[in-house]
Amino acid sequence: MEVKLEEHFNKTFVTENNTAASQNTASPAWEDYRGTENNTSAARNTAFPVWEDYRGSVDDLQYFLIGLYTFVSLLGFMGNLLILMAVMKKRNQKTTVNFLIGNLAFSDILVVLFCSPFTLTSVLLDQWMFGKAMCHIMPFLQCVSVLVSTLILISIAIVRYHMIKHPISNNLTANHGYFLIATVWTLGFAICSPLPVFHSLVELKETFGSALLSSKYLCVESWPSDSYRIAFTISLLLVQYILPLVCLTVSHTSVCRSISCGLSHKENRLEENEMINLTLHPSKKSRDQAKPPSTQKWSYSFIRKHRRRYSKKTACVLPAPAGPSQEKHLTVPENPGSVRSQLSPSSKVIPGVPICFEVKPEESSDAQEMRVKRSLTRIKKRSRSVFYRLTILILVFAVSWMPLHVFHVVTDFNDNLISNRHFKLVYCICHLLGMMSCCLNPILYGFLNNGIKADLRALIHCLHMS
């Protein structure tokens, strides 16, 4: 991600070189050879102040940049490492979303390791000091890590959309997660494959002809033409920013809409239940007037009070004293000398039948209505929380990565729009904003995830105790 710095200076030097050479083309014919040397010297003398202006643009802020990059890198590394450890701790309870979140943490760790130190070193030292092989490998790894992290965000959004839209037929397993991760990494390697080919080292001594720049190299992109470079930049803009932003917005909007529709259905069902209760259950006075006579009721004898809730209890069901018309149906015939004839008159009833049932206290319609309303209030609160969380996810991605992509597009189409003195400072600001997404992803996808939050707390507690 730091190659834009050297590429900008390389193209700036070529522009200054052509300008200086064109200003000295009017030399006489007999001084052609000498004029050629003067043109080269003039070009170098003109471009060297450009290099000095470019090189000293962040000298006053180098300690501040070192501290800021160190803080962002440590925060992103530790946060993603905790998420990765928590997900690996629950590897026996694999879900597709948790599996993707673990891979997101791993890719963000790669972004922190590959992008921060190499970018900061190139900004402060104004040279590439990691060798020719790393010049071909490191830009490729930087691009792959950022692209994979972005594609995993798309995968998480798609999986959540599928789980909300098809909750009953949700059959996503760990194998689907493996397939998604394999697809993401394959796309990342394929899209970033041109970078190892079109990179090369440029020696500053040969460029400026100054002994002060001996043994200093720049790692720059060496595309066959500007059209190739612009096409690659636009393709990265589409894949790394526009496509993920559209997918996140559409998916999360659909999720919020589904939740709000489900909530409205529950409210409508509550209103229907209230109308049914008013129809089937009249007022208290009318219920008292419609009570049956006491001679037609059964008396229930329980072991404990009726107000408490019992799981399984045995009770004896005894008929109430019957009238004269019903006594012949309730009395058991007596035979002389039988056990029945020896019982007392009060015991000459049908024997109690042991039954098992669940006793629940009778709940009034007002209490039931309050309970349902409290449930709806909790659901509304959770719905607002989900809406705010998904909105923050979209805003964090859009705000953190937009400046860097705009910077790349602007510098590819117009190098002179940003001055040499402010070029590195503007680039560092855009790059740090992009790195902030690696620090916020653990919070948004891990610490605010109910499935991982408890494991994170236990893990942090164990680390604190040790």
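Residue 1 is the first one shown; counting continues down the chain.
Placement of Cβ uses the backbone N, Cα and C atoms for every residue, glycine included.
Just so it is clear, the model here is predicted, and its values are computed rather than measured.
Database features (Swiss-Prot):
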DISULFID  CYS135-CYS219  disulfide bond
CARBOHYD  ASN10  N-linked glycosylation site
CARBOHYD  ASN17  N-linked glycosylation site
CARBOHYD  ASN38  N-linked glycosylation site
CARBOHYD  ASN39  N-linked glycosylation site
LIPID     CYS462  S-palmitoyl cysteine
REGION    323-346  region 'Disordered'
TOPO_DOM  1-63  topological domain 'Extracellular'
TOPO_DOM  85-98  topological domain 'Cytoplasmic'
TOPO_DOM  120-138  topological domain 'Extracellular'
TOPO_DOM  160-177  topological domain 'Cytoplasmic'
TOPO_DOM  199-229  topological domain 'Extracellular'
TOPO_DOM  251-389  topological domain 'Cytoplasmic'
TOPO_DOM  411-427  topological domain 'Extracellular'
TOPO_DOM  449-466  topological domain 'Cytoplasmic'
TRANSMEM  64-84  transmembrane segment
TRANSMEM  99-119  transmembrane segment
TRANSMEM  139-159  transmembrane segment
TRANSMEM  178-198  transmembrane segment
TRANSMEM  230-250  transmembrane segment
TRANSMEM  390-410  transmembrane segment
TRANSMEM  428-448  transmembrane segment
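Taking all protein chains in view, 27 other C-beta atoms sit within 10 angstroms of the C-beta of CYS219 (disulfide bond). Confidence in the topological domain 'Cytoplasmic' (85-98), given as mean pLDDT, stands at 78. With a cut-off of 8 Å between Cβ atoms, the residues of this chain six or more beyond the transmembrane segment (99-119) that come close are 1-2, 69, 72-73, 76-77, 80-81, 83-84, 87-88, 130, 138, 141-142, 145-146, 148-149, 152-153, 155-156, 159, 174, 177-178, 180-181, 184, 431, 435, 438, 441-442, 445-446, 449, 452. Comparing 139-159, 178-198, 428-448 for CB pairs under 8 angstroms to the transmembrane segment (230-250), the maximum falls on 139-159.
Long-range contacts of the transmembrane segment (178-198) within the same chain, counting only residues at least 6 positions beyond its ends with a Cβ under 8 Å from a Cβ of the stretch, are 96, 99-100, 103, 136-137, 139-140, 143-144, 147-148, 151-152, 155, 159, 221-224, 228, 232, 235-236, 239. Within the topological domain 'Extracellular' (120-138), the DSSP-based counts of helix, strand and coil residues read 14 helix, 0 strand, 5 coil. Following the DSSP three-state reduction, the secondary structure of CYS219 (disulfide bond) is strand.
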